[in-house]
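What follows is a short report on a single structure.
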Amino acid sequence: MSVDVARSPAPSPTATPAATPSARRASARFLGVMAVVISVCWLIPVLIIAVSALSPRDVVSAWPKQLIPTRFSLDTMAFFFNVSGVWTATLNSLIVAAMTMSFALLLGAPAGYALARFDFKGQGVYRVMIIMTRAFPLAILALPLVTRFIAIGLYDTLLGVALVHTALALPFAILVSSSLFMGIPRELEEAGWTLGCSRLTAFFMIVMPLALPGLAAAMIFSFVISWNEVFAASVLTLNNRTLTAFLFASLEESPLHFRYAGGFFLVVPSLVFIFVVRKYLFAMWGIANR
């Protein structure tokens, strides 16, 4: 007599339980706390520099450093501005930063467009090589750069410094503009071609206006790189120094309040520039200013 043995169904794979609302809230709360902690750690040095630059000299040399200003004074900043060579170095920094922005846009936008619109052999390798240009420390290139710049007459010139700064900012400008152009539909260009536009005309009349917000972000990055860069500006200049190179050259001889004032003055233009362009970006993206 045979007995039928019922086969039990195979166990179903265990499903991952969905996160409960309380777990999601706890995760969001943890991320918020970490964001606040990181922001505070980043802002404390900037706050100390700002408070010291806008305080009397005796407060600057006091310890521990104040996070909340108790006495406001412009004596430290006035001393900084009255030092010979500060305004000339500031003008040099602005000129170099403007040239860096222009060169990065003029070279980065067409290169990014070519990467986005044309397929060619070694395209992936080319992208990696663009990033690899930032892998070489500038210090190992200092001696060849100085030798070559002296030979071609670019040593101690603002153009020479701007070219090096452009080389530092160009990889980012190329990759950002390439991503921007890839996000713009090709059909818009093709519609322009059917209306009689050449590829170059369609690039300037159709593609560039749509990519302006992202290109503005790349220009901001180029400006910040040039404004804050100190090594190349110090090595490649002797008399026509930028502000960072000027402050670095006088670091050992300058008093403490001069250093704080110089650090604060280096931060302010970058913040103002980013704030102005931020409003333009919001207007381009249709986001209301708050």
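Backbone N, Cα and C define each Cβ position, glycine as well.
TrEMBL lists 90-277 with the feature domain 'ABC transmembrane type-1'.
Positions annotated as region 'Disordered' by TrEMBL: 1-20.
The feature transmembrane segment is assigned by TrEMBL to 30-51 (among others).
Within the same chain, residues 123, 126-127, 158-159, 161-163, 165-166, 169-170, 173-182, 203, 207-208, 211, 215, 218-219, 222-223, 225-227, 233, 242 sit at least 6 positions outside the transmembrane segment (95-116) and bring their C-beta atoms closer than 8 Å to a C-beta of that stretch. The transmembrane segment annotation in TrEMBL covers 95-116 (among others).
Only residues 6 or more beyond the boundaries of the transmembrane segment (128-151), in the same chain, are considered here, and those with a CB under 8 A from a CB of the stretch are 157, 160, 164, 167-168, 170-171, 174-175, 231-232, 235-236. According to TrEMBL, the transmembrane segment annotation covers 128-151 (among others).
Here the transmembrane segment (157-181) has long-range neighbours at 92, 95-97, 99-100, 103-105, 107-109, 111-113, 115-117, 127, 130-131, 133-134, 138, 145, 149, 207, 211, 214-215, 217-219, 221-222, 225-226, 229, 232-233, 236-237, 240, 242, meaning same-chain residues at least 6 beyond its ends whose C-beta is under 8 angstroms from one of its own. TrEMBL lists 157-181 (among others) with the feature transmembrane segment.
For the transmembrane segment (202-225), same-chain residues at least 6 beyond its ends with a Cβ under 8 Å from one of its own Cβ atoms are 97, 100-101, 104-105, 108-109, 113, 165-166, 168-169, 172-173, 176-177, 179-181, 184, 188-189, 192-193, 270, 273-274, 277, 280-281, 284-285. Taken from TrEMBL, the feature transmembrane segment covers 202-225 (among others).
Summarising the annotation, TrEMBL assigns transmembrane segment to 263-288 (among others).
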